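Annotated features in TrEMBL:
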REGION    1-240  region 'Pyrophosphorylase'
DOMAIN    10-271  domain 'Nucleotidyl transferase'
BINDING   12-15, 26, 83, 88-89, 150, 165, 180, 238, 343, 361, 376, 387  UDP-N-acetyl-alpha-D-glucosamine binding site
BINDING   113, 238  Mg(2+) binding site
REGION    241-261  region 'Linker'
REGION    262-481  region 'N-acetyltransferase'
ACT_SITE  373  active site, proton acceptor
BINDING   390, 396, 397, 415, 433  acetyl-CoA binding site
Ligand code: UD1
Ligand code: MG
């Protein structure tokens, strides 16, 4: 059932969040790669409302720009309303709806610190509110341990009468296990009127949004509760332990939906996937893997074990083993790892390879080219089907500036080649082992740089007499003679 009334949604994000014990505002702590307030605003967006209002206050110099950034990701613009002093949730809502004075219809109020709330639940609340003809509907939930929550007080015949805060509740009321989730649907006109009637005559000396319910009821409006099917969705984050458990629950959901979409995830518990990651079908993820940011994994790719990929694009059929990578592209059927460090702007072509103990940065490596062992490749372009020998270094930094190396196609460089940039190596060229390439190498040339090898016979026995090396040398000579 879809709500037949226009909706506006007010997200409260002005509170201090002192229990986080953090210099970062609570709502900017992240789970699943998105700040808490981002989760709340994405859920709000899913409701397709006429307006989204975020109420900011505490540390708004940090919170406001973050909300602007999230607003840019959404289909609806987020209006920000400032609550100058945190005088309670009632005051916060009053500040929020002051930003949309013309609005008529249903106002949904939700909190920035409830990151697991699904848009569907907000839709169900709005629909049940309209269907019941209520002026106020509280989203309630049952809690085995209701400590700290506002209790839903009902009459003998089950009508919702009031919400009483934990700190204001009588011993009898404290036994109630149906509690206020902090999420409501209000008729805009009734809400505007009732907010004027609030007072701070309570244990916390604050203006409580929860009091609107009783005020509306006494004025003859219909009030009610809609009980959430899954109370886990309404878990609030107030401290770091709750942040971690909400993060785990969110991850469980993301990993689960990746599996339902056709990915094989060997160990869901040790696999962490941000909400912004995309994973195609027939992908395999091995244990201990984190896929973060805007990472995307194409069909038939295999990632892990023990890999962390941030903003990485992994092509179909690629294999990425024990790799730490950022902001880069791994081509179709490419091979990476184990123990590979991929830094920003690496573009690994189709079927190309970055092997063990290789570090790359700002490097375009063409189709079928290989950098198999123990190499640093930075600020470089490599053509197709070339092979870079083990233990090579692209010497890109002269202490002041970075320089570029160009390697052609079908090039084969020997082990321990140093490319002193800026330098160009033509198509089909070869280098000998241990070559230091300072000047351009023409296509098809073999480049060698060391002088002729010289053996100084008997040097060890003469200069290092009595050492194990000298003794070993003597024994070897005896065997020959
Ligand atoms: C509130 C409810 C309680 C409910 C609980 C659910 C009230 C009076 N109580 O209590 O019934 O069970 O949530 O979690 O509403 N905020 C502002 N400005 C303020 C005060 C708060 O924006 O001046 C924001 C906070 O940032 C937070 C939300 O409102 O997002 C809730 O405030 P909080 O102080 O956490 O209320 P609770 O005591 O948890
Ligand atoms: Mg709270």
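Each residue, glycine too, has its Cβ placed from N, Cα and C.
Structural mapping of features recorded in TrEMBL.
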{"residue": "12", "record": "UDP-N-acetyl-alpha-D-glucosamine binding site", "Cβ within 10 Å": "27"}
{"residue": "14", "record": "UDP-N-acetyl-alpha-D-glucosamine binding site", "Cβ within 10 Å": "28"}
{"residue": "26", "record": "UDP-N-acetyl-alpha-D-glucosamine binding site", "Cβ within 10 Å": "25"}
{"residue": "113", "record": "Mg(2+) binding site", "Cβ within 10 Å": "25"}
{"residue": "150", "record": "UDP-N-acetyl-alpha-D-glucosamine binding site", "Cβ within 10 Å": "27"}
{"residue": "180", "record": "UDP-N-acetyl-alpha-D-glucosamine binding site", "Cβ within 10 Å": "23"}
{"residue": "238", "record": "Mg(2+) binding site", "Cβ within 10 Å": "16"}
{"residue": "343", "record": "UDP-N-acetyl-alpha-D-glucosamine binding site", "Cβ within 10 Å": "16"}
{"residue": "390", "record": "acetyl-CoA binding site", "Cβ within 10 Å": "19"}
{"residue": "433", "record": "acetyl-CoA binding site", "Cβ within 10 Å": "14"}
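Comparing C-alpha positions, residue 433 (acetyl-CoA binding site) sits nearest to 26 among the binding-site residues 12, 26, 88, 238. Counting only residues at least six positions away in the same chain, the Cβ atoms of 358, 359, 360, 392, 393, 394 sit under 8 Å from the Cβ of residue 376 (UDP-N-acetyl-alpha-D-glucosamine binding site). Its own atom aside, the Cβ of residue 415 (acetyl-CoA binding site) has 17 Cβ atoms within 10 angstroms in the protein chains shown. Looking at the residues that bind acetyl-CoA per the record, 390, 396, 397, 415, 433, the two CA atoms farthest apart are separated by 22 Å.
Residue counts for the region 'Linker' (241-261) by DSSP state, with H, G and I taken as helix and E and B as strand, are 20 helix, 0 strand, 1 coil. Note on the recorded positions 88, 373, 396, 397: the fewest other CB atoms within 10 A surround the CB of 397.
Here nothing among the recorded positions 238, 373, 390, 396 falls inside 10 Å of the CA of residue 12 (UDP-N-acetyl-alpha-D-glucosamine binding site). Ranked by CA distance from residue 373 (active site, proton acceptor), the binding-site residues 113, 180, 415 have 415 at the top as the closest. Of all the binding-site residues in the record (113, 390, 396, 397), the one with the smallest CA separation from residue 14 (UDP-N-acetyl-alpha-D-glucosamine binding site) is 113. Closest in space to residue 390 (acetyl-CoA binding site), of the binding-site residues given as 26, 88, 180, 238, is 26, taking the CA atom of each residue. Model confidence over the region 'N-acetyltransferase' (262-481) stands at 97, taken as the mean pLDDT rounded to a whole number. Geometry remark: residue 88 (UDP-N-acetyl-alpha-D-glucosamine binding site) versus residue 113 (Mg(2+) binding site), CA distance 15 Å. It is 34 Å from the Cα atom of residue 343 (UDP-N-acetyl-alpha-D-glucosamine binding site) to that of residue 113 (Mg(2+) binding site). Separation of the C-alpha atoms of residue 26 (UDP-N-acetyl-alpha-D-glucosamine binding site) and residue 113 (Mg(2+) binding site): 8 Å, rounded to the nearest whole number. A distance of 70 Å separates the Cα atom of residue 415 (acetyl-CoA binding site) from that of residue 150 (UDP-N-acetyl-alpha-D-glucosamine binding site).
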